[in-house]
Every structure is written in C-alpha cells, then in structure tokens.
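Worksheet for the structure shown next.
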Amino acid sequence: MTEPTDIKKGLAGVVVDYTAISKVNPDTNSLLYRGYPVQELAAQCDFEEVAYLLWHGELPTDAQLAEFQALERSLRHLDENVKRVIDDLPVTAHPMDVVRTAVSVIGANDPETANSSRDAELQKALALFAKLPSIVAYDQRRRRGEPLIEPRDDLGYSANFLHMTFGEVPDLVVVNAFDVSMILYAEHSFNASTFTARVITSTLSDLYSAVVGAIGALKGELHGGANEAVMHTFGEIGSADKVADWLDAALAEKRKIMGFGHRVYKNGDSRVPTMEAALDTLVAEYDAGDLMELYTALKSDMQQRKNIKPNLDYPSGPAYHLMGYDTETFTPLFVASRIVGWTAHIMEQRASNSLIRPLSEYNGVEQRTVPDSEKN
Ligand SMILES: CC(=O)SCCNC(=O)CCNC(=O)[C@H](O)C(C)(C)COP(=O)(O)OP(=O)(O)OC[C@H]1O[C@@H](n2cnc3c(N)ncnc32)[C@H](O)[C@@H]1OP(=O)(O)O
Ligand SMILES: O=C([O-])CC(=O)C(=O)O
C-alpha cells in the first residue's frame, strides 16, 4: 500500500513556473501587465499598444507603434481558403468551433508553421491578432445571412472590428468600451486556456496547435464560456423583480451562477470595476436601465446570499449584448483579445521550456491476470 499523496485537485494553489508577463495579486486585488496596472492601461492606451507591451515587454515608442499598426492593418484580410472553410461550416456550428477551425486552417496553410524562432512566432501572433476580428465578424454576419465586410485600413483595431461586424463605426463611447474590454481580457497569467497553450508548447508543438487547444479550453462555461452564460441567465430570469425567486431555486439546485466566483480572486476580480464603468457608459448610450436593474439585483443578491462577487465575464456579457453582438459571439470576442496573452505565454514557455507532465495517484483495481478463457 502506497502512502496517501497530497493531491492538488485542479492544481489549486500550485505554483508551476515563473512568468514575467502579468501578475495577478488577489491580496491587493490588482492585475499588472508587464508591471503596469491594467486600469491605467485601459484608461490611457489603445488595445494595439497593450498587445505590443505584452509581446515585447515595453510600451511602444510613437515610431514603433506606427510600424506595428501598419503591419497589423496589412494582415487583416482573410485568405480565400479560410473563407471557403468557414462558408462550408453549418451556420448552426458554435462560433467557437468556427474560430477554432479557422485558426487550424491558417496553421495548416502556413509554410512556416514549424518555424518556432521568436521572430517567426511574433509574426504568427500578429497575423492571428489581425485576422481574428475578420473571422469573428464574418461568422456573426454569415449566421445573420449578411455578406462579409472587408477590413478598413484607415481604422484602428476596435473601430475596424465593430465596422466589420455591423457595417458602421458606432459612437466613440461604444468603440472605447469595446477597446477597454479587449484590454481587460488580454492576459491573466496561468488561467486554464493559457496553461493549455503552455502544455502544448512544452511538447515542442507549434504555435497554431497551442492556440487551437487554448480556444477549446476557453470555450467551457467555467472559463470564457461564462460571458455567454451570463446572458442566458438574464434571459432565464427575465427582470429584476424575479431575481430573488430565481436565485433561491438555482442555489437550492446547487447550480453555479455564471459570471460569479474565481479560482484566484476570492474578494472580487480586479478588472470588474473598470468593465462596469465601461458598461455604465453603454447603458446610458443605449438607454438600457432595465438590463442594469437586473444586473445590479443579481449581483447584490449573490453578495448577500453567497458572499461571491462577479468576475470579468459578468459585466462583459451585457456590454457585448448592448453593442449588438449575438450571445454566441461573446466567447470568440474573448479569443480575439486573449490571443495576445496566449501567444506571449507560448513564446515565454518556449524560451525556457520543460515538458509539462505531472503525476497521478493510481486508484484503480490492483494488478491482476487476464483469465485464460478470454483468449479462446
Ligand atoms: C474569465 C474567467 O474565466 S473567470 C471565471 C468564469 N467562470 C464562471 O463565471 C463560472 C462560475 N464560477 C465557478 O464555477 C467558480 O467560481 C470557478 C470555477 C470560476 C472557480 O471555482 P473554484 O476556485 O474551483 O471554486 P469552487 O468551485 O470550489 O467554489 C468554492 C465554493 O464557492 C461556491 N461557488 C463558487 N462559484 C460559484 C458560483 N458562480 N455560483 C455558486 N456557487 C459558487 C462553490 O459552490 C463552492 O461552495 P461549497 O464550498 O459550498 O461547495
Ligand atoms: O484566471 C483565471 O482563472 C480565469 C480568468 O479570469 C481569465 O482567464 O481571465
């Protein structure tokens, strides 16, 4: 009989490596990207500058930013073979499956897939960053029976993303709220999807394979899929006056309330106040007081009943809903942002690699012999 092992289910509380990309500190309720508080970045920078920071470790100079933006804008178009593969998928396919497939096709068509030098991986990361908005916007449009809108190289990342989705650039307040959401979603240390990308990279697999795996991990409701689930919850509840009864029944059934709780933050997610401020601007823009009443009622009842606070997916879901995104598109929007964090971690893992391979404690039947009769 072996000694009982101290098993860390879900790797909770386990520190598995160093990272210089971001610091999540639940004690001070803070999140730093390369040393900068994410709230300050959201207030003062565009998403493109934050992407540059996460990949290169420093904010860009004006000249570096201009070069970076020009390159990003030149890479936004989708190749015909990618469009064809998307067109061949049923409109009933979940958009996360479409995004996952499109990234896989881009990887299969890239003659440099096996080149994992830092320069080659930066180039691939930037190309995915530039193309994901085209994929996500196109998929929402084709599900609505609308034609593809080509990217515009006179627009910044967020304005172009919204234009490709809706056929117009919305008011600045909407573009800013969208840009803030992209910055807040971009990176969060060793979360499940990033860790998936690092595990795949640790086998010396390629960047596209790691990203495809990460998309699969993000899809689940306990991770990125929660932003969609929040809108489904709101739909189920209906209005603020029904929150108390709905929550009674849901908690009695031991349901997890989506958009609440976090593995690392136990006293509130550092990003929520910034996203709530952006949501407030959208509520004013779209005159969506009813939605906000429901939002506030569920948040305060969860606090009173369970002392559990919202995570970033709670304000992001309704924000994307107000902008006009279909609920199923919310997690692909998360992909478009998190591609930055994933690829930064892929490069960091590769630069200091060790195969990720934990142990397990066997608790199946003891060794036994196959009965002779089963072979006859
Ligand atoms: C961007 C992101 O990925 S943020 C996360 C998005 N995911 C969600 O919003 C899904 C809903 N939340 C959850 O399921 C969880 O809070 C998780 C998975 C995010 C974190 O979970 P863990 O750290 O594993 O905590 P765990 O699930 O063990 O919860 C601890 C306790 O709080 C309760 N709890 C935690 N979150 C919730 C929730 N959202 N609703 C109801 N109860 C909850 C659990 O039931 C458990 O209670 P118990 O001790 O009485 O059994
Ligand atoms: O850190 C986590 O476990 C989940 C999360 O908030 C994120 O990935 O943004």
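Cβ coordinates are placed from backbone N, Cα and C, and glycine is handled just like the others.
TrEMBL labels come from automatic prediction, so no person has curated them.
As written in TrEMBL, here are the features:
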{"type": "ACT_SITE", "residues": "H262", "note": "active site"}
{"type": "ACT_SITE", "residues": "D313", "note": "active site"}
Subject >> active-site residues (H262, D313), the one with most neighbouring Cβ atoms at 10 Å >> reply: D313
Subject >> Nearest-integer angstrom distance between the alpha carbons (Cα) of D313 (active site) and H262 (active site) >> reply: 11
